[in-house]
Amino acid sequence: MGLSFSKIASYFPRKQEVRILLLGLDAAGKTTALYAMKLGELVTTIPTIGFNVEKVEYKNITITTWDVGGRDKIRPLWQHYYQKAHAIVFVVDSNDRDRISEASQELHKMVNDDDLRNKPVLILANKQDLPNAMSIDELHDKLALNKLTGDRKWHIQATVATTNQGLQEGFEWLANASVTKNVDILQPLIETANDSKVMKDDILSMVHSINLKSILAKLTQY
């Protein structure tokens, strides 16, 4: 039997909402890992600008995953979800040697954000079944994990998301990291008016930067 979402829920304290950001570069295996937990029809897909957001709820757990596109101008929008997160799961393609440096940069950029400081980080070293996959020791160096200092708890787990290998061990570690011990469980998962305004401003800035008017003008010529 593969890892089930109900099994993951049993690792965490009852009657608490656990919000986990499942992040990483495109094609790292985030969505595969999510569906490997046998979520089925419980998945709700929310399309948004530049990337897809999938929110999955089961009993006391909410897992929100951002499947990120390749454009750097999209990634700053992640920060609007940081404050409400209890922990981070960062998925790395162990076989993608060409972009491991980019993955490392994105990982450290996130964990150094004020809203994510000292929150537990689970790193899933995915695609370990591929012959050219980097080992855990090599990924430790390539991702500069020795720089994850301070009081932060972190763990790197070898996984093969297509077969559920390593996922249970990873989430067991995340539960033991006590991600919700000091969390106000009554805080609703809502976007404040200030969040809305800031996000609106960022989106407008992004639209302006890609010169949407110019693109529309060209389309109307046909």
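Cβ atoms here come from the backbone N, Cα and C positions, even for glycine.
Quick look at what TrEMBL annotates:
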type    : residues                                                                                      : note
BINDING : Gly24, Leu25, Asp26, Ala27, Ala28, Gly29, Lys30, Thr31, Gly70, Asn126, Lys127, Gln128, Asp129 : GTP binding site
BINDING : Thr31, Thr48                                                                                  : Mg(2+) binding site
Can you figure out which of Gly24, Lys127, Asp129 (the binding-site residues) comes closest in space to Thr31 (Mg(2+) binding site), comparing Cα atoms?
Gly24
Looking at the binding-site residues Asp26, Lys30, which sits with the largest number of other Cβ atoms within 10 Å of its Cβ?
Lys30
